[in-house]
């Protein structure tokens, strides 16, 4: 990473922090004893696993610092399926529709551990982690974030609903669109239109054949769990 990119990343982090503090959020260290222990153990194991590729020294045996192998312009591999346990990380996505049909979505993620410094991830990218348009509906997605940033599944699902598709069908078509290019894609999408209809779909992967989600709707005092079979 060049010094310019480091300065650019740090300045944007600083601006984001100042904005959060101006809105009343407290400045605090989110590191815990557990997270610090996990990080130190990872360092002691020569930073394994990590997601660097085409670098020297050998990233499978060393913590770096790394330099690109001569001749490679793209020298960072942000995500490799064989290094990520599907059950070790998750995304919390939400869609809310009020009585007037106003739609809001949100998503958070703990993601995969030990990602490359500076990686943004899919959650803050509009249309990838979630997307809402009160004239139509909203969607939120989980899964392989590096692929979702390419296909913007949440945005695509909302656009399918705009064309008249029911939420379940919009979710399924969104997943199928990604599978055409990446058959082994791991992920799921939830959808809701502005009238309150909803649905979900997921991409089948080893150890991941169903997707569970929770719904709270008018007339029901407690949230109910629902499940869909992956395609």
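Including glycine, each Cβ sits where the backbone N, Cα and C put it.
Record features (TrEMBL):
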type     : residues                               : note
SIGNAL   : 1-24                                   : signal peptide
ACT_SITE : 91                                     : active site, nucleophile
BINDING  : 119, 120, 121, 122, 142, 143, 144, 145 : substrate binding site
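Looking at residue 91 (active site, nucleophile) and residue 142 (substrate binding site), their Cα atoms lie 6 Å from each other. Binding of substrate is attributed in the record to 119, 120, 121, 122, 142, 143, 144, 145, and the widest Cα separation among these residues amounts to 17 Å. All protein chains included, residue 145 (substrate binding site) registers 26 other Cβ atoms within 10 Å of its own Cβ.
Neighbour list (residue 143 (substrate binding site), Cβ cut-off 8 Å, at least 6 residues apart, same chain): 91, 185, 186, 187, 188, 203. The candidate set comprises the recorded positions 91, 142, 144. Of these, 142 has the most other Cβ atoms within 10 Å. All protein chains shown were included, and the count of other CB atoms within 10 Å of the CB of residue 119 (substrate binding site) stands at 14.
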